[in-house]
Amino acid sequence: MVTVGNYCETEGPAGPAWTQNGLSPCFFFTLVPSTLLTLGVLALVLVLPRRRREVPAGPEELSWAAGPRVAPYVLQLFLATLQMALPLAGLAGRVGTARGVRLPGYLLLASVLESLASVCGLWLLVVERSQARQSLAMGVWMKFRHSLGLLLLWTVTFAAENLALVSWNSPQWWWARADLGQQVQFGLWVLRYVTSGGLFILGLWAPGLRPQSYTLHVHEEDQDVGGNQGRSTDRRSTWRDLGRKLRLLSSYLWPRGSPSLQLIVLICLGLMGLERALNVLVPIFYRDIVNLLTAKAPWSSLAWTVTTYVFLKFLQGGGTGSTGFVSNLRTFLWIRVQQFTSRGVELRLFSHLHELSLRWHLGRRTGEVLRIVDRGTSSVTGLLSYLVFSIIPTLADIIIGIIYFSMFFNAWFGLIVFLCMSLYLILTIVVTEWRAKFRRDMNTQENATRARAVDSLLNFETVKYYGAEGYEVDRYREAILKFQGLEWKSTASLVVLNQTQNLVIGLGLLAGSLLCAYFVSEQKLQVGDFVLFGTYITQLYMPLNWFGTYYRMIQTNFIDMENMFDLLKEETEVKDVPGAGPLRFHKGRIEFENVHFSYADGQETLQDVSFTVMPGQTVALVGPSGAGKSTILRLLFRFYDISSGCIRIDGQDISQVTQISLRSHIGVVPQDTVLFNDTIANNIRYGRVTAGDSEVEAAAQAAGIHDAILSFPEGYETQVGERGLKLSGGEKQRVAIARTILKAPDIILLDEATSALDTSNERAIQASLAKVCTNRTTIVIAHRLSTVVNADQILVIKDGCIIERGRHEALLSRGGVYAEMWQLQQQGQETVPEESKPQDTA
């Protein structure tokens, strides 16, 4: 009968890691299987969430030829399955050849851990093959290679089998093949070596992901491959292309163009390194104090050691490294670097948004774009803070701790720290992923609860009309109860996470403390070493308590940063051609020659539009809504590029000159004037930001609004409110006219500038506009035909075509569309609409 003895072959909890010309089998088969299982679980955690986010393939069908190469993939599956069975076969071989010998406990643990690690590898192999076929079925191009986690697992497995060769001369291993047991174990090692080597080589080739040929059959009614790509992209894993994201992020770490800030970055990195040294030195001096007290050392030595310890503790802080002098100094110095980074990101985004076309802006919600900008900026600074000053230092502390305990204590202490930290990180990631759904549900319900309250209060009068106060309170109570139920789940899952972390910390501390106590009892370590171990481990676990928060925040920030970079990748539709020069303005002759334009493919907004505006002339564009009148102005201002034809100013194609020079010669008074939430003076000065106060007032006088401005309590310093809502329609139009007068453009574009005003305001503003347009080339879009009767030329536009042109009298005598429009408007002016009659408001 075979029984289980001590964990290792030696007496006591553990023996040395290196003994008898080789690694201790106990140490080796504890380190390797635990490392492999850690890598396998981490790889699964990173891949499986992405699998859940994948969209199932639709009606597309993937031909067999596009599938994986069958024979190599079957071999890969066979080797992965064999690798899973070999550890258990090795344990069975040990049991069969033991014959009354008590088996050490590490053999049982190693067999279980190795098998579980192989299960993770086999699972990943199948999952990635399924994802590859699904991606091909959706017409999404992918790189035919395994995930980094799976490749790393196979690489470390093969490297571990090679590592065993360093113990070739050790009698503890099976290399001598002295008996049946060693012969069996040697044969199993050969199988493991061949298996792991085969998986490593096949993994680099990835036959399960590489198609023989790319043949995609799609049903005719579902040939929108682009749509599938969009869906796939929107659901991509947060950790996908991690290397590219880190490279993009690192570009913001180094403040280019600022030597002083670059020096500060180096100082901050140096301080971060000093913090790592302090985290080692503080427990060491604490150990020395305990040893000196135990040995009853002289007061001078004790006082010096205590003073040094307290000074180091002052530099380090209250045990966590987050409140000490060094950390606070680093935080203080980093403020300028963080501001430089956020300023650079914000300005880059803001500048890019202004470079994008009007078409892009009209197709996006401004609030959504601004959220991307805000979150993108915060994500860059947040990721730099979390990664550089939280995650990397914590991982560095773990590595330093493993190296320190392995070198100055025993390799088993390093192994204990490694196992506990690995288990801690894995469980934190797994539980954090699990509880994410509770947090999402809670946030959704919180928004719904708030929306219900807001909706009820906004409809206060309606609630009173129907006496529904009790009903609204009941609905709100129901929403609160539902929110609190989800809040309980989220909080309870957080408690589970904290208790799981606490359990791992306790188990690690228990194992290390027992081992340390054993070595102290054997007089291999001192009492101070026991204190050092407990202090160092507790200090090490402190920042790890926030690892779950860091993990979620990094995920969120990566998503926000990805959205920001997607925004930066938006192509600028209207660009200056290479070598474009400024517009050379002479007299202001405008020519449209055979212009075609469409906002969307297949729907032409303008068709073969041709006309000429001579210098100083006024041309009016009239016609029904949607005919293309405003489009003509936008094309002249070059908000869009035309599909075909040519637009010239003084004989120069506007697509061949710089946009800024073109627009500097054009002034626009739109139908709906939007003012900035600023003073009246600054809104007028926006026409020419370098203008002085006297020039602003002169422009206001020319626009006929100077006296009205002076009647305000604060005069020109009056705030107009958001979008100018504190001013009347006529006042806003006059501010827009004053702004255009101050710009002093050579060409004026009036887009139904008075259509929304009453008759008295319209006449007054028409007089102001007449002054602005004197001796300037002008194009007017008019809704009321009476405002353009004196135009040099009137163009009647319908369905994107010019159907009539001429002066007012000639068009009336022709009896066409213009004459019909004129007659209808004259009849409308003679009849007072019912809505305009005075109403009894009593």
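All positions are counted from 1 along the displayed chain.
Quick reminder: no glycine exception, Cβ is built from N, Cα and C everywhere.
Relative to the membrane, Y106 and E522 are listed by Swiss-Prot as lying on one and the same side. Residues 376-396 are the range that Swiss-Prot records as transmembrane segment, among 376-396, 691-711, 775-795. Bond annotation: of C8, C120, only C8 is listed by Swiss-Prot as forming a disulfide with C26. For the transmembrane segment (398-418), the list of distant contacts is 13-14, 16-18, 27, 30-31, 34-35, 276, 279-280, 508, 511-512, 515-516, 519, 525, 529, 533, 536-537, 540: same-chain residues at least six beyond its ends, Cβ to Cβ under 8 Å. With a cut-off of 8 Å on Cβ pairs spaced 6 or more residues apart, the transmembrane segment (264-284) and the transmembrane segment (73-93) reach fewer than 3 such pairs and are scored as not touching.
If you look at the transmembrane segment (27-47) against the transmembrane segment (107-127), you find at least three C-beta pairs under 8 angstroms, all six or more positions apart, and that counts as contact. Following the DSSP three-state reduction, the secondary structure of S630 (ATP binding site) is helix. A sphere of 10 angstroms centred on the C-beta of R634 (ATP binding site) encloses 17 other C-beta atoms. Where the transmembrane segment (530-550) meets the stretches 73-93, 107-127, 148-168, 186-206, 500-520, the count of C-beta pairs under 8 angstroms peaks at 500-520. Within the same chain, the residues at least 6 positions away from P624 (ATP binding site) whose Cβ sits under 8 Å from its Cβ are K798, listed in sequence order. Residues of the same chain lying 6 or more positions beyond the ends of the transmembrane segment (292-312) and with a Cβ under 8 Å from any Cβ of it are 278, 281-282, 285-286, 526-528.
Among the stretches 148-168, 186-206, 376-396, 500-520, the one making the largest number of Cβ pairs under 8 Å with the transmembrane segment (73-93) is 186-206.
A C-beta separation below 8 Å, combined with a sequence spacing of at least six in one chain, links Y599 (ATP binding site) to R359, T605, Y640.
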